[in-house]
Amino acid sequence: MNVTAAGIALAVLAVALIGPVPAVLSRAQWTHREPRAALVCWQAIGLSGGLALLGATTAMALAPLGGDLRDALFAWIRNLATGDLTGGLGTWHQVLMVATIVVYLRLLGVLITTTRRTWILRRRHRDLVDLVADPWPTGRPGRGQVLNHPGAAAYCLPGRTPRVVVTTGALDLLDDAELGAVLEHEDAHIRERHDLVALPFAAWTRALPWFPGIRRARLAVDSLLEMVADDSAADRCDRNALASALARIATVGGAATPAGAIASTGGTMLARVRRLLDPPPRSRRLRVVLYATAVVLFALPALVLI
């Protein structure tokens, strides 16, 4: 495909994946039936949308050099190597190429700074918890670190040395079955490294905050991650106990969750409680369709450029 056609096709794909597709998918209730597969779809949308956006602007900037995108890119590099600082491009196309490089560097830079900031916040909070936490009460199920706080909260601090933190307010509020279910939920976040799934979406939101589709994607991913953790916990304990615990914490008003932590009460609480009490039927066909859609989305930018 010639570079101009590739640029147009990638631009259409980028607009679709940053605008209407997230708007429709974020409102779709059927994603609650297969949250794991829906998460993979969201990851494919994010990656494919980013590649399409950068690919479209690159192709449009290099359009005067002709050929396909690979030939045009090599021609631009050869022109620069021979001392032609314009790269063989006119003023408008030079501006577009510089803008593309700036966007790419911004995305990369924000991802690095977001990762570093999150890591620092978690490390500081882990150190603080280790310093002030009380031992786990004898006779209560599970394990974790206890913070003396009247608000009810339970959250995890993921990483190489993870922590599960529960406030005294939550210990007083929840019975043993509810407490065990909440701890299973937090263990699922840690075990499946949900923090790594959420991180790129947080970075995208910081880098490109003016795109509503990106904000919708982050909210949807956060909600689906909570549902995945709910499902993992429900496989190991009483799902009604988990629903009861979430409802009770939400009713009394839980303590604020620190930055960098993942709380058991995150996501859309009412939808999660309803889903636990009345589980939607699983669908193998829907799961296959979602995974197949993700594969196609991952491949689309590359297929356009061939």
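FYI, residue positions are counted from 1 along the chain as it appears here.
Cβ from N, Cα, C; glycine included.
If you look up TrEMBL, you'll see 145-199 marked as domain 'Peptidase M48'.
Under the heading transmembrane segment, TrEMBL lists 6-25 (among others). Residues 31, 38, 41-42, 45, 48-49, 52-53, 55-60, 63, 68-69, 211-214, 216-217, 220, 297, 300-301, 304-305 of the same chain sit 6 or more residues outside the transmembrane segment (6-25) yet have a Cβ under 8 Å from a Cβ within it.
Among the features that TrEMBL reports, transmembrane segment is placed at 37-63 (among others).
Feature annotation from TrEMBL assigns transmembrane segment to 95-114 (among others).
What TrEMBL records for 288-305 (among others) is transmembrane segment.
Beyond the ends of the transmembrane segment (288-305), by six or more residues, the same chain brings 1, 6, 9-10, 13, 17, 34, 37-38, 40-41, 43-45, 47-48, 51-52, 55, 68-70 to within a C-beta distance below 8 angstroms of the stretch. Residues belonging to the domain 'Peptidase M48' (145-199) score a mean pLDDT of 91 in the model.
Per-class residue totals from DSSP over the domain 'Peptidase M48' (145-199), listed helix then strand then coil: 28 helix, 12 strand, 15 coil.
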